[in-house]
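Student: Mind looking over this structure? Questions follow.
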Amino acid sequence: MDQAKLARMQASVRIGGKGTPRRKVKKVHKTSGADDKKLQATLKKMNVQPIQAIEEVNMFKEDGNVIHFAAPKEERALTVGCEIKVHASVPSNTFALYGNGEEKELTELVPGILNQLGPDSLASLRKLAESYQNMQKNQAGEKKDDDEDDIPDLVEGENFEKSVD
């Protein structure tokens with residue numbers, strides 16, 4: 001062994017009596033794989049069963065956004081890790097979702113999500129529609145003002161060329 005390396009190792013180890021520090025051991029951090037195994041074991045105890053043919057899962061948040069889990073389309077099905085899995089245990093009222101969720105606004109999902117909306121979400125959808133209509137009115141009002149500025153007003157008895165100059 002290298003003498004310098006041996007000297008460093010001896011410096012960190014103290015052989016002695018009471019009150020001397022022991023050899024320093026590097027801590028090994030747990031990986032998420034161990035947590036996943038514990039979670040799987042707990043879900044197995046709860047008798048969680050897989051639910052087939054789930055196309056999408058939407059979780060509505062209080063701020064109006066939606067956490068959207070979508071089943072892979074046929075062209076994306078070969079990609080590893082983009083699949084959504086749903087497991088449920090009805091007696092224990094437990095549902096487990098596996099997959100990558102995307103946070104989206106309600107407007108991005110509007111056509112296909114209308115049948116999933118509850119009373120709270122319908123109220124937020126109404127507010128969203130009202131704000132969209134107000135934005136459209138404001139934009140139409142601005143366009144109307146722009147159009148009026150481009151076209152000069154003609155007064156009876158005047159010629160168009162005179163009003164342009």
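Positions of Cβ are set from backbone N, Cα and C atoms, glycine also.
Keep in mind the model is a prediction, meaning the values are calculated, not measured.
Got these off Swiss-Prot a minute ago, pasting:
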- 1-34: region 'Disordered' (REGION)
- 20-30: compositional bias 'Basic residues' (COMPBIAS)
- 33-110: domain 'NAC-A/B' (DOMAIN)
- 133-165: region 'Disordered' (REGION)
- 145-158: compositional bias 'Acidic residues' (COMPBIAS)
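Describe the structural context of each listed feature in the structure shown, including burial, neighbouring residues and relevant distances.
Tutor: Averaged across the domain 'NAC-A/B' (33-110), the predicted model reaches a pLDDT of 79.
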Student: Please work out the helix, strand and coil residue numbers for the domain 'NAC-A/B' (33-110) from the DSSP assignment.
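Tutor: Counting residues per DSSP class in the domain 'NAC-A/B' (33-110), I get 18 helix, 28 strand, 32 coil.
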